[in-house]
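Written below as structure tokens is the structure these notes are about.
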Amino acid sequence: MEVRVRFAPSPTGALHIGGVRTALFNYLFAKKMGGKMLLRIEDTDQKRFVPGAEEYIIESLKWVGIHIDEGQGVGGPHAPYRQSERKEIYQKYVQQLLGEGKAYYAFDTDVELEAMRQRLKAAGAANTSYNALTRTQMRNSLTLNEDQTKQLIDAGTPYVIRIKVPMKEEIRFKDLIRDWVVVHANTLDDKVLMKSDGLPTYHLANIVDDHLMQITHVIRGDEWLPSAPLHILLYKFLGWEAPQFAHLPLILKPDLLDEKGKIIEERHGKLSKRDADEMGFPIFPLTWNGTNADGEDITSVGYREAGYYKEALINFLALLGWNDGTDKELFSLDELIDSFTLGRIHKTGSKFDIRKAKWFNQHYLRQKPDSELADGLVNALQQKSIPCSQEKANKIVHLMKERVTFPQEIHEQTEFLFQEPAVYEEAVVQTKWNQEAVTLLTAFKDELVTITEFNAETAKATLHTVLEKAGVKIGKVMPALRLALTGAGHGPDLMQIMDILGKEETSNRIKKAIDKLVVIG
RNA sequence: GGUCUAUUCGUCUAGGGGUUAGGACGCAUCCCUUUCACGGAUGAAACACGGGUUCGAUUCCCGUAUGGACUACCA
């Protein structure tokens with residue numbers, strides 16, 4: 001049988017990084033098994049619908065390289081793939097359950113439900129849910145007779161349809177990650193299947209669609225594990241064979257760290273946008289400018305825009321809760337597909353550590369061809385109206401590639417190549433700008449004129465000549481030269497910098513620094 | 001509170017009845033170097049605790065502690 005998996009997000013905002021990992025694991029498994037990956041949009045909660053979220057999800061998956069074989073955005077034999085467009089389908093199956101006495105109408109209002117919970121709580125009950133015990137006290141088609149029920153419905157009284165969970169039954173299934181899960185039906189409650197607005201809840205819609213769309217493996221977040229027994233029961237009630245389940249461990253929030261990486265405060269729980277914001281890393285794959293499910297406006301920079309490569313993100317995410325059993329840590333998407341097995345996924349959540357993601361990014365940046373980095377640099381400079389030749393861009397990339405983690409750092413850290421220093425780092429002036437250095441720099445500047453072909457080598461040779469003549473070591477002048485040229489005390493190779501700056505500019509900057517800076521010692 | 005579940009360096013993890021408990025990120029030191037990075041070398045750093053079972057337990061069993069998920073007409 002062909003493996004068919006699905007990624008089924010609800011369009012309640014931008015796709016969370018955890019969702020990306022769930023999609024990734026689904027994709028890896030599908031590809032590994034030679035199967036298909038479906039995308040279904042679970043938009044049964046109209047209140048939390050966020051415009052643009054669906055497009056965002058599709059674009060995000062595309063960016064990370066997860067290819068959808070069937071579903072929303074690409075179509076397929078089981079369309080529509082948006083649950084809000086499948087209302088009648090669910091209706092049919094609830095009617096079936098109702099007819100077979102496996103579900104019932106419930107007319108209880110919010111107030112009545114709350115009163116029930118309060119009453120139970122006051123009585124010291126451990127369980128305050130709507131279940132096989134409490135349903136006998138409530139206003140539903142089980143306690144009301146047929147005429148009363150019909151009257152209420154005909155009068156337009158709002159109602160929901162609940163599943164009638166059996167009293168005595170052991171529900172068990174074998175999860176591909178968690179192994180056997182066994183639960184007694186008496187711990188389950190009579191979950192709402194159909195809401196009063198006529199749309200199904202996740203539980204019903206999910207089972208119906210997974211069955212109709214011939215899903216063979218349900219790979220989803222761990223937060224669904226507690227309701228999995230209910231889903232198994234539903235499959236049984238509908239007379240269907242349940243798919244295989246695999247519940248993925250959650251991504252947990254990191255501890256709060258200071259700049260040195262020391263723990264300021266231990267943090268626990270699943271990773272949220274709040275945590276990411278506070279600790280300064282992205283939570284969404286792409287930048288999101290929109291609302292969240294609560295209707296609040298949000299702007300949040302994505303991994304892509306922050307300079308993360310998709311290769312790095314995927315590699316990092318895949319290794320959060322999974323490994324291939326060897327010491328291998330660097331995986332391309334194809335290699336991940338090749339070595340992926342659900343059995344090697346952990347049962348327990350893992351803390352998110354952005355420092356590891358950065359390390360992956362640095363690695364993948366170095367894998368990039370210089371030309372790609374140079375093009376990016378030229379583009380970035382163009383946006384600031386700074387002209388830069390291809391040749392110069394190549395030199396800068398060569399200078400910076402091994403020094404940065406993100407591509408944008410190449411231009412952020414080389415502003416001095418396009419602009420003479422406005423300020424000189426005070427600490428360096430104090431300690432390194434002395435009479436000896438100034439004398440040497442003056443000599444070097446004067447000697448510069450004689451160079452016909454100016455480049456890193458000739459500049460270096462010239463500098464050495466000057467130093468030899470004066471009988472001084474190179475360390476005497478380098479900090480001062482760097483200061484004059486860049487305004488800073490440290491940075492990339494100075495000879496290369498002079499090369500990129502050119503003879504004129506190098507000479508000018510030395511002259512300016514000598515004019516501007518006061519000699520202390 | 002209830003249901004389910006987990007626990008190896010700070011973090012991600014390998015391993016599994018007998019190991020010097022391995023790797024990676026991060027951290028520290030040294031080397032390279034004109035500086036800062038990069039790179040190289042080295043180092044500090046872990047089997048939650050208590051009982052069993054066993055010749056032997058970090059590994060198996062039971063408790064305890066702690067962590068996690070869920071406990072909506074949200075998904």
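For all residues, glycine too, the Cβ spot is worked out from N, Cα and C.
As the structure is a computational prediction, the values presented were derived from the model and not from experiment.
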Annotated stretch (motif ''KMSKS' region', per TrEMBL) among the listed ranges A:270-274, A:295-299, A:410-414, A:490-494: A:270-274
Range among A:9-19, A:75-85, A:383-393, A:504-514 that TrEMBL annotates as motif ''HIGH' region': A:9-19
Remote residues contacting the motif ''HIGH' region' (A:9-19) - C-beta distance under 8 A, at least 6 residues beyond either end: 41-45, 48-50, 53-54, 56-57, 60, 221, 250-251, 270-271, 273, 276, 282-286, 288, 290-293, 298, 300, 302-303, 317, 352
Neighbour tally for A:LYS273 (ATP binding site), based on other Cβ positions within 10 Å of its Cβ: 18
The domain 'Aminoacyl-tRNA synthetase class I anticodon-binding' (A:388-514), counted residue by residue under DSSP: helix, strand, coil: 90 helix, 0 strand, 37 coil
